[in-house]
Amino acid sequence: MFTLAHHRHAIRKPMAEFFGVALLVIFGAGAACQVVLSTNPNSFLSINFGWAIGIAMGAWISGSISGGHINPAITIAMATYRGFPWREVPSYILAQVLGGVVGAALVYANYIHAIDVFEGGRHIRTQATASLFATYALPYMTQVSCFFSEFLATAVLAMMVLALTDNRNGAPTNGLSPFALFVLFIGLGASLGMETAYALNPARDFGPRLFLAMAGYGKALFNYRSQYWLWAPIIAPVLGAQAGGLLYDTFLYDGDDSPIKWR
């Protein structure tokens, strides 16, 4: 007989991923809204801090339960390089995307009146406020440059995540890992974040983008730059994380759980 405790145990890991991504988006998109929609001068650093705090809080709430992936690209990389069960990948990714949807919905509900004022009315919704939740590239960026920017930043992210979980390479304790991720995201945003708003995470972009579609932002969300939403913030991070994992395990990792074994 299945008990409530059994069902709770069955969904505990996906729910940790759900709340982790929801917190990531609440802090990150919330910071973007507060900076852009206020009368204060825009500050990319403030937005950068918001996303960095979000990744740290998301990792803290989920790390000891689900591993704190809070990113489909990292989940797939962990399945490829660290033996994470492939059968759990779909439930993790679904939970991560839904967390992005709910996180964006909560931020939108909190700032809806400010968005109305900024846009000039309740039924006016443009890319100017969509970009507070989903990622868009700067106008001068080519398609190849957009892809490479997301690929490169996610490769660095994946390499560092594998380093932070490598007990043979001075990995921090569980309590310090979120702080290390905070520092990592500050660095990634400061160095590689300007041109594409550094999604690095399919759930962080696709979840909020799905919510925006439900909120009335229209087809432009998905028609922008020939389906930018698919190849830049989804495909590029997934491939970038695979590349980062390949580099780390080929040249640095000495464990037995990698498919790349030198012994």
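Yeah, the Cβs are placed from backbone N, Cα and C, and that goes for glycine too.
Feature annotations, reproduced from Swiss-Prot:
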type: TOPO_DOM; residues: 1-17; note: topological domain 'Cytoplasmic'
type: TOPO_DOM; residues: 39-44; note: topological domain 'Extracellular'
type: TOPO_DOM; residues: 66-88; note: topological domain 'Cytoplasmic'
type: TOPO_DOM; residues: 110-143; note: topological domain 'Extracellular'
type: TOPO_DOM; residues: 165-174; note: topological domain 'Cytoplasmic'
type: TOPO_DOM; residues: 196-227; note: topological domain 'Extracellular'
type: TOPO_DOM; residues: 249-263; note: topological domain 'Cytoplasmic'
type: TRANSMEM; residues: 18-38; note: transmembrane segment
type: TRANSMEM; residues: 45-65; note: transmembrane segment
type: TRANSMEM; residues: 89-109; note: transmembrane segment
type: TRANSMEM; residues: 144-164; note: transmembrane segment
type: TRANSMEM; residues: 175-195; note: transmembrane segment
type: TRANSMEM; residues: 228-248; note: transmembrane segment
Candidate ranges 89-109, 144-164, 175-195 - greatest C-beta contact count to the transmembrane segment (45-65) (under 8 angstroms): 175-195
Contact call for the transmembrane segment (228-248) and the transmembrane segment (144-164): at least 3 Cβ pairs under 8 Å, seq gap 6+: yes
Cβ contacts under 8 Å made by the topological domain 'Extracellular' (110-143) with residues that lie 6+ beyond its boundaries: 25, 29-30, 32-34, 36-38, 104, 149, 194-199, 205, 208-209, 211-212, 215-218, 220-221, 224-226, 228-229, 231-233
Recorded stretch, among 89-109, 144-164, 175-195, maximising Cβ pairs under 8 Å relative to the transmembrane segment (18-38): 89-109
Feature contact check the transmembrane segment (175-195) with the transmembrane segment (144-164), CB under 8 Å, 3 or more pairs: yes
Average model confidence [pLDDT] within the topological domain 'Extracellular' (196-227): 96
Remote residues contacting the topological domain 'Cytoplasmic' (249-263) - C-beta distance under 8 A, at least 6 residues beyond either end: 80-83, 162-163, 166, 168-169
Spatial neighbours of the topological domain 'Cytoplasmic' (66-88) far in sequence, C-beta under 8 Å, 6+ residues away: 12-14, 16-17, 20-21, 24, 55, 58-60, 96-97, 99, 154, 157-158, 161-162, 165, 177-178, 200-204, 237-238, 240-242, 244-246, 248-249, 257-260
Sequence-remote partners of the topological domain 'Extracellular' (196-227) [C-beta within less than 8 Å, at least six residues beyond its ends]: 21, 24-25, 28-29, 51, 70-74, 93, 96-105, 108, 123, 125, 127, 130-131, 133-138, 141, 143, 146, 149-150, 153-154, 157, 188-189, 233-234, 237-238, 240
For the topological domain 'Extracellular' (196-227), the number of residues DSSP places in helix, strand and coil: 17 helix, 0 strand, 15 coil
Beyond the flanks of the topological domain 'Cytoplasmic' (165-174) by at least 6 residues, Cβ under 8 Å: 63-64, 82, 180, 252-255
